[in-house]
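Q: My structure is below; once you've seen it, I'll send some questions.
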Amino acid sequence: SVGFKAGVKEYKLTYYTPEYETKETDILAAFRVTPQPGVPPEEAGAAVAAESSTGTWTTVWTDGLTSLDRYKGRCYHIEPVAGEEDQYIAYVAYPLDLFEEGSVTNMFTSIVGNVFGFKALRALRLEDLRIPISYVKTFQGPPHGIQVERDKLNKYGRPLLGCTIKPKLGLSAKNYGRAVYECLRGGLDFTKDDENVNSQPFMRWRDRFLFCAEAIFKSQAETGEIKGHYLNATAGTCEEMMKRAIFARELGVPIVMHDYLTGGFTANTSLAHYCRDNGLLLHIHRAMHAXIDRQKNHGIHFRVLAKALRMSGGDHIHSGTVVGKLEGERDITLGFVDLLRDDYIEKDRARGIYFTQDWVSLPGVLPVASGGIHVWHMPALTEIFGDDSVLQFGGGTLGHPWGNAPGAVANRVALEACVKXRNEGRDLATEGNEIIREATKWSPELAAACEVWKEITXNFAAVDTLDP
């Protein structure tokens with residue numbers, strides 16, 4: 001009947017619409033749905049669409065005051081996951097009007113806000129989002145992007161080199177600045193505050209900023225290269241975060257840093273706007289991501305968090321190494337690395353990309369490879385990530401037997417050797433070790449590094465794997 005009829009009704013009657021043709025303004029989502037036993041996949045998919053858009057558990061008379069057909073999310077396709085029992089990919093289309101312009105916060109609150117605790121589902125994972133051009137255009141995106149960053153730094157044709165200062169907690173500001181200076185002096189482009197360095201009793205932020213700025217300017221003067229240190233502006237309040245970013249700008253340093261998941265998307269977007277307006281680069285760390293993205297059947301895949309960061313704004317983001325100590329399977333990692341860097345990315349299920357994404361010239365983000373990597377990984381990293389990346393060696397620089405500066409020299413020599421060989425047409429995948437060995441002949445620092453790390457590998461199976 002057309003009239004209002006109270007009572008509970010099945011979601012799929014309203015929200016499962018296999019005949020629906022998606023619009024180019026729709027936000028499309030791919031969910032991995034694991035229904036409770038006895039719940040049909042269509043009902044589970046429809047429930048996800050309903051609970052993340054206009055639905056509630058019962059019919060309400062106020063539904064008659066609006067056009068549900070115009071505003072409801074629709075589950076338009078369901079496919080079983082190969083090799084998994086009782087797992088399905090449910091595709092949901094959301095009308096653009098459901099979302100506030102320029103707000104990643106609102107987008108996530110809508111799409112993943114409530115539905116993950118839903119009783120009819122055993123587990124739920126957001127695998128991918130297609131952001132329509134009309135929504136992309138409401139975001140500023142990265143403060144500067146890859147090309148502008150290269151122009152600011154005057155560094156071309158190679159990956160950039162970084163190093164996280166260790167021990168991450170406990171150094172005084174003066175000693176911390178000294179470690180920064182030695183790394184930059186030795187040949188690195190950047191050094192980095194660890195993600196949990198904010199403003200603690202043993203080192204307050206203002207002291208750290210001051211000594212790091214001194215290290216930057218001294219090493220710049222001595223090397224003739226532009227240097228940077230990611231000054232972590234993450235703080236307990238947005239106001240305090242902005243205060244730190246403003247102080248960094250007053251010191252004249254090139255780059256600040258933010259933990260975008262723990263700090264939150266609202267704070268991150270504010271900081272990104274400030275950075276563009278004031279010429280600061282913005283380095284993004286993904287602390288807390290594994291709590292959200294590590295389980296294969298529940299949570300949010302990192303490729304979605306990466307897309308969200310490109311919208312919210314950041315010039316660098318940590319994105320796994322493929323070869324080090326932290327998670328990252330090659331094809332999947334390269335899938336979201338391309339989503340960060342490229343302007344147009346075709347749907348490619350072999351790399352976990354569920355939708356074609358057009359960024360309409362939104363600036364790109366440099367992926368940062370960091371975590372358990374050292375000189376022997378350099379050929380693989382250069383091969384996998386290409387020029388537009390930041391390779392970050394923490395222990396792989398500071399663990400050098402002769403100290404930080406020689407550790408930095410070793411990494412820079414290894415990188416230059418790999419880039420030179422690649423440009424000469426050599427195959428880094430097969431000749432990588434040979435290229436590094438040749439370079440050790442004219443770099444005692446590299447030879448010493450090769451000796452220390454020759455045996456270390458972190459061999460565990462990746463958790464994040466593709467479906468068969």
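Including glycine, each Cβ sits where the backbone N, Cα and C put it.
Sharing the record's features from Swiss-Prot:
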type     : residues                                       : note
MOD_RES  : Lys5                                           : N6,N6,N6-trimethyllysine
BINDING  : Asn114, Thr164, Lys168, Arg286, His318, Ser370 : substrate binding site
ACT_SITE : Lys166                                         : active site, proton acceptor
MOD_RES  : Lys192                                         : N6-carboxylysine
BINDING  : Lys192, Asp194, Glu195                         : Mg(2+) binding site
ACT_SITE : His285                                         : active site, proton acceptor
SITE     : Lys325                                         : site 'Transition state stabilizer'
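Give me the structural setting of these features: burial, nearby parts and distances.
A: The C-beta environment of Arg286 (substrate binding site), restricted to residues of the same chain at least 6 apart in sequence and closer than 8 Å, consists of Asp259, Tyr260, Leu261, Phe302, Leu305, Leu309, Ile317, His318, Ser319. Arg286 (substrate binding site) falls outside any helix or strand according to DSSP and counts as coil.
A C-beta separation below 8 Å, combined with a sequence spacing of at least six in one chain, links Lys166 (active site, proton acceptor) to Asp194, Gly394, Gly395, Leu398.
The DSSP secondary structure for Lys192 (N6-carboxylysine) is strand. For Lys192 (N6-carboxylysine), the same-chain residues that are 6 or more apart in sequence and have a Cβ closer than 8 Å to its Cβ are Gly162, Cys163, Thr164, Ile165, His229, Tyr230, Met257, His283, Gln392, Gly394.
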Q: Per the record, substrate is bound by Asn114, Thr164, Lys168, Arg286, His318, Ser370: how many Å separate the farthest pair of Cα atoms?
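A: About 37 Å separates the two most distant Cα atoms.
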Q: For the C-alpha pair, I'd like the distance in angstrom between Ser370 (substrate binding site) and Glu195 (Mg(2+) binding site), rounded off.
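A: That comes out at 12 Å between the alpha carbons.
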Q: Who sits close to Glu195 (Mg(2+) binding site): which same-chain residues at least 6 apart have their Cβ under 8 Å from its Cβ?
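A: Glu195 (Mg(2+) binding site) has long-range Cβ partners Asn232, Thr234, Asp259, His285, Ala287.
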Q: Would you find the one among the recorded positions Lys168, His285, His318 whose Cβ has the most company, meaning other Cβ atoms within 10 Å?
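A: Going through Lys168, His285, His318 one by one, the largest Cβ count within 10 Å is at His285.
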Q: Starting from the Cβ centroid of Lys192, Asp194, Glu195, which together make up the recorded Mg(2+) site, report each further residue of the same chain whose Cβ lies within 8 Å of that point, ordered by sequence.
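A: For the Mg(2+) site, the extra neighbours are Thr164, Ile165, Lys168, Asp193, Asn196, Val197, Tyr230, Asn232, Met257, His285.
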Q: With DSSP assignments reduced to helix, strand and coil, which class does Lys168 (substrate binding site) get?
A: coil
Q: May I ask which residues of the same chain, at least 6 positions away in sequence, place their Cβ under 8 angstroms from the Cβ of Asn114 (substrate binding site)?
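A: Within the chain, Asn114 (substrate binding site) has Cβ neighbours under 8 Å at Glu51, Ser52.
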